[in-house]
Amino acid sequence: MANNTTRRRVAVLGGNRIPFARSDGAYANASNQDMFTAALDGLIERFDLAGEQLGAVIGGAVLKHSRDFNLMRECVLGSSLSPYTPAFDLQQACGTGLQAAIVAANAIALGQYESAATGGVDTASDAPIAFGNDLRQVLLGLRRAKSNLDRLKLVGKLPAALGVEIPVNSEPRTGMSMGEHAAVTAKKMGIKRVDQDELAAASHRNMAAAYDRGFFDDLVTPFLGLYRDNNLRADSSVEKLAKLKPVFGVKAGDATMTAGNSTPLTDGASVALLASEDWAQAHGHEPLAYFVDGETAAVDYVNGPDGLLMAPTYAVPRLLARNGLTLQDFDFYEIHEAFASVVLATLAAWDSDEYCKERLGLDKALGSIDRTKLNVNGSSLAAGHPFAATGGRIVAQLAKQLAEKKKETGKPVRGLISVCAAGGQGVTAILEA
């Protein structure tokens, strides 16, 4: 058994992703396995990992075919990693990629792994379409039938049983989409349309500038003809976004959420490389940053007072308390932009005495943040949001930002990650350099 009395530091060495693509476009014919293997291959090439046996490859996908039951392991076998590298899937909706990093970081800290690749993949283009339950029961019955008469009886049911189930973007317990849930929260918290459009335009502007200066050169590898995320609009502006019609919360009136300040359905994959300091040194890799801690929370959005995507507001105070930090003790804030309104609602909640006292059980508000430190190289509104791949993108992106900032200032730096997820969950983490 490993000596778990002390936790080792967990280095983030870097990452790789393929450019993210709007669904039903460039990657329309690419599978989850195709995309994650491509992202993994880019990581292997960048860090000279061909033939290397990692401690594990951990990740997942939200939209999965039955053939993807062992997705991460199949991707390992399809790559040039040693086939002796274990792999397993996990899934926590949009928090999948970050949760995979937390699981790997904890295992490395405890001495169970020396290295791990973590991330995720999703394709909205190749979404699984299942048989309806009636047809499924008939087909299963045919397999179990003992006689031709039994089979004929079942075949007679087929015309009425024919049907398929198309994946829907809604919460099973409410029937409402994430966007509709976010619209309820936006209206309740008074989030203005112009503020959402400003945040969206800034995300595009920041990411376009980051690409232009070469920031993503060692974070992104081309795939199927794409070199940049094709949702990125370098010429995005508040004026252009203001012309778009609302798409969520329209029935309730005063709708503020549009296709421009909400993420589109997206295809893509990402992976980050984590390791112990000893492994990094032995392989000649300088850590970009260190994975300090992670925290997950859930809220009652069905019968309680909470918004579906507000769980990070609960997770972050726990994370701060455990690490002796305040909300202001960060050089960067990477808050996943599922919707601009959710980012703004999260910040408003932390800055509200009422919310922090009544919902979070705190003595006072966590306070505001310096908005110039928020998503400085762009986030999901610009890149797009392949559900399980977003966490890996953010981990690698933040690690590089921290390394650059530390090199520039010569001082220790710190970053906070916050990712909201379906099912009323939130995944958060702290990185330092």
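Including glycine, each Cβ sits where the backbone N, Cα and C put it.
The domain 'Thiolase N-terminal' annotation in TrEMBL covers 10-278. The active site, acyl-thioester intermediate feature in TrEMBL is assigned to CYS94. The domain 'Thiolase C-terminal' feature in TrEMBL is assigned to 287-432. Annotated active site, proton acceptor per TrEMBL: HIS385, CYS420, in sequence order.
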Q: Take the C-alpha atoms of CYS420 (active site, proton acceptor) and CYS94 (active site, acyl-thioester intermediate) and report the distance between them in angstrom, rounded.
A: 7
Q. If one measures from the C-alpha of HIS385 (active site, proton acceptor) to the C-alpha of the residue listed as 'active site, acyl-thioester intermediate', what distance in angstrom results, rounded to a whole number?
A. 9
Q: Summarise the model confidence on the domain 'Thiolase N-terminal' (10-278) as a single mean pLDDT, whole number.
A: 94
Q | DSSP-derived helix, strand and coil totals, residue by residue, for the domain 'Thiolase C-terminal' (287-432) | A | 58 helix, 33 strand, 55 coil
Q) Once near-sequence residues are set aside, which residues in the chain of CYS94 (active site, acyl-thioester intermediate), 6 or more away, have Cβ atoms under 8 Å from its Cβ? A) VAL62, HIS336, ALA338, HIS385, PHE387, ALA388, THR390, GLY391, VAL419, CYS420, ALA421, ALA422
Q: Based on Cβ atoms within 10 Å, give me the single least packed residue among the active-site residues HIS385, CYS420.
A: HIS385
